[in-house]
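According to TrEMBL, the features are:
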COMPBIAS  A:1-18  compositional bias 'Low complexity'
REGION    A:1-20  region 'Disordered'
TRANSMEM  A:33-51  transmembrane segment
TRANSMEM  A:63-82  transmembrane segment
TRANSMEM  A:88-106  transmembrane segment
TRANSMEM  A:113-136  transmembrane segment
TRANSMEM  A:142-163  transmembrane segment
TRANSMEM  A:184-204  transmembrane segment
TRANSMEM  A:235-254  transmembrane segment
TRANSMEM  A:266-299  transmembrane segment
REGION    A:338-366  region 'Disordered'
COMPBIAS  A:343-366  compositional bias 'Low complexity'
Amino acid sequence: MSTPTTQAPPATGTAPRRGTGGSFLSGSVGRNAGLVIALVILCVVGVVTAGDRFASTDNLITILRLAAVTGVVSIGMTFVIIGGGIDLSVGALVALSSVWATTLATQALADDIHWIVMVGTALLVGGLAGLVNGVVIAYGKLVAFIATLAMLVAARGLAEILANRRTQTVKNDGFLDFFTASPLGLPALVWIFALVAVVGWVLLNRTTFGRRTFAVGGNAEAARLAGIRVQRHTVALYVLSGITCGIAAVMLMARTTTGSSTHGTLLELDAIAAVVIGGTLLIGGRGTIVGTVLGVLIFTSLSNVFTLNNISSSAQAVAKGVIIVLAVLLQQRVAAGRKQRRSPASTPPTAADGAPAGASPGVPAP
Amino acid sequence: MSARHRRLLTTTVAVVGAAALVTGCTGNTPEASESGSGSGGNNAASSNDDPGDTVVIGFSAPAADHGWMAQITAAAQAEADRYEDIDLRVAEGTNDVSAQIAQVETFINDGVDAIVLLPFDGDAMTPIALEAMQAGIPVINVDREFSDPNAARVTVLGDNYGMGISAGQYICSELGDQPDAVVAEVAGIDSLPLTQERSQGFADALAECGLDVDNRVAAEFTVESGEEVTANLLQAAPQIDAIWNHDDDQGIGVLAAITNAGRDEFFMVGGAGSANAMRSIQAGDSVLQATVIYPASQAADGVRLARLLAQDKGLSDLTDVEVPRQITLSAPVVTADNVDQYIDSAFES
């Protein structure tokens, strides 16, 4: 056990460098360029096959608007995964937040005070559920996969109880007017997505919080020895993810004019897929916001191009599957290369005492 | 599944219109009783409604995870409450096949007089239904058919193929004189046989008047998926004349996408028949102009048939002594003209 301990300080020392530079400029710029190329190819295919129907401002806005909800959740998911965890409960949290924010009681309160009450409710519910996730994982030492899987089931069940399995319509005109407006020609949902992405990028790449996230995900034990309060940081990551779910719930309420326990079904898979496509390592320690945004855009554009060409949903599913596999294959090669370089330090941190179980659940033994 | 499809086709032809007979089996006014089923208020005229020996009926259905399924159980319960001689034992709705099998086993052990069963999976529930039949308990199979006809005494089915036909015929009647009209379809979950049957019926009916489906997308019966696929669909087709959306639950999302895109050059036909959709049709304030009903009263019909079977009665409006083997409910089109008839029995999505 002495090896990881003695090697730990240098490993932590490299974390900030990977955090600030590696996220956008140095290591992964090539992979982000790859994503951009993929997106461009997709756009070319769209223009060739669908012509003006694809290359129109309306269509661009449609794509961005559809990408917005998944995008916001994926930003939160990026933090969690870089921090060495996983959050399977995001879809269910979106459902729970949307239902809680549209109950008759909440809407009545919103009518009396301001529609911001509905937004606040959604964010609060998402954040609190994320807090439960985080506490159970960091202090209860449950594996993140299991803890958030439990939350997935429980939160959707709670949403069904609250909504009585009915679809709740948003009746507040102020809320709908605000979120369906298009300031400067772009829908409010797209602005929110952009804002969340920018804040996420700054938080990850320009703050101590971001550097600690990379450190915790890269090697939790090393991070602890370097003085980072790993458990508290893990909790914060899940709260962050929960809050993005609350934001996504508000966006879905605006998009569909409803709150429903079926909202966000399988959203967790879309988000994880987008994050992985974007080059974030599932084992944590590395990832980028830009890559995630590109990943989301690729998936949304893919659906759009397929629908414009009237191609069946089954073929769309096959194409998505193929793209995920290709991306993960690429990712494994890169990860293997990275591990060879730092093989002495790659002893699984989970083996070390004191590492929170959830902070690094996916670290493979070999 | 193809055998099931074929059977559905033949029965569709054979027993279309039986819906009125079933719901109004004891009344002289089938039309009124259809709208009143599930909420009471039948005008009984035959002796079938007279109280008889108390009948214990076991009822099991999947989890009420959407409006239609919630209404199935609620309507069955409401129907049972109208008869003092029915003792309905409702098992907790479940999407777990083994749990549902256990429920039926319990009914058999309790020696109930009849079982009304809406299986989560018709094939998987067939053996236990056979067991019940062999134990002398008549099984009324609702909505999702068993793979063995011997497993049920009576089968009550909605008509998915007929829904497509009804929607197609309505669009034909509106657009039949425009051979190059653009028709779009927002389907439900594509892998389900019911979606395939609905789409097939729709395509067949459109072909009759020389139209076809120009753009087709598939959602997942949820509001969110409805909004998402429709947003893309509206981009794919810059000009549309008519849209058929398979399901009114996802229809809320479909309408939201249409509103978001600011489109109103077409009319839309819904499916299933939710109260939301009917209120919209009544108000005439959106592109939703009609909807095709997939009756949520089928389990209620099943309960009434179970009572008749257990009391050795027949359908009073049929000459035949026995209750029929199979009943396929009609899939009527609801428009602003006749929405008042249907809105009371519609389900809240």
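Glycine is no exception: its Cβ is also placed from the backbone N, Cα and C atoms.
Predicted automatically and left uncurated, TrEMBL annotations should be read as such.
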Annotated stretches the transmembrane segment (A:88-106) and the transmembrane segment (A:184-204) touching (3 or more Cβ pairs under 8 Å): no
Contact set, same chain, for the transmembrane segment (A:63-82): CB under 8 Å, 6 or more residues outside the stretch: 90, 94, 144, 186-187, 189-190, 192-193, 196-197, 200, 203-204, 213-214, 217, 237-238, 240-245, 247-248, 251-252, 255, 264, 267-268, 270-272, 274-275, 278, 280-282, 284-289, 292-293, 295-297, 299-301, 303-304
Residues from the same chain, set at least six apart from the ends of the transmembrane segment (A:142-163), whose C-beta lies under 8 A from its own: 80, 85-89, 91-93, 95-96, 98-100, 103, 129, 132-133, 136, 259-261, 268, 357-359, 361
Non-local residues, at least 6 beyond the ends, that sit with Cβ under 8 Å of the transmembrane segment (A:184-204): 19, 23-24, 61, 64-65, 67-69, 71-72, 75-76, 78-79, 82, 178, 210, 213, 244, 247, 251, 254-255, 288-290, 293
Beyond the flanks of the transmembrane segment (A:235-254) by at least 6 residues, Cβ under 8 Å: 68-70, 72-73, 75-77, 79-80, 83, 85, 87, 90, 93-98, 101-102, 118-119, 122-131, 133-135, 137-139, 170, 175-176, 179-180, 188-189, 192-193, 196, 209, 213, 263-264, 267
